[in-house]
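The structure follows.
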Amino acid sequence: MKHLWFFLLLVAAPRWVLSQVQLQESGPGLVKPSDTLSLTCAVSGYSISSSNWWGWIRQPPGKGLEWIGYIYYSGSTYYNPSLKSRVTMSVDTSKNQFSLKLSSVTAVDTAVYYCAR
């Protein structure tokens, strides 16, 4: 019984902690070719300044996840080399949110976009 109780704590604790943090993406559902995609991720239940990195990923239809990049709360950024020339990320600690801009979009950029911690 001790082992079962320990196992339940081990599994349940991370879910309890993670449930306190919520990320909510917002932005247009559709963007015209050659336009700029602008997305914002609002963070609740956690101070954006308390975590090192905040990121963006995407999943094209029928494909796997693709890393876009991530940003440090101070503003330092790291981008996927294949997207670097078109990506800009920013962070707004006063609003507890961070943003993604992807310029000159084409059909290749069709995907579900996610923010992540």
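Using the three backbone atoms N, Cα and C, a Cβ is placed for every residue, glycine included.
According to Swiss-Prot, the protein has these features:
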type	residues	note
DOMAIN	20-117	domain 'Ig-like'
REGION	20-44	region 'Framework-1'
REGION	54-70	region 'Framework-2'
REGION	71-77	region 'Complementarity-determining-2'
Which value does the mean pLDDT take for the domain 'Ig-like' (20-117) in this predicted structure?
94
When the region 'Framework-2' (54-70) is classified with DSSP, how many of its residues are helical, how many are strand and how many are coil?
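With helix first, then strand, then coil, the region 'Framework-2' (54-70) has 0 helix, 11 strand, 6 coil.
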Excluding the flanking five residues on each side, which residues at least 6 beyond the ends of the region 'Complementarity-determining-2' (71-77) place their CB within less than 8 Å of a CB in that stretch?
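Cβ under 8 Å, 6 or more out: 48-49, 51-55, 89-91, 93, 98.
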Short question: which residues 6 or more past the ends of the region 'Framework-2' (54-70) have a Cβ under 8 Å from it?
39, 41, 43, 48, 77-80, 83-84, 87, 89, 91, 98, 100, 102, 108-117
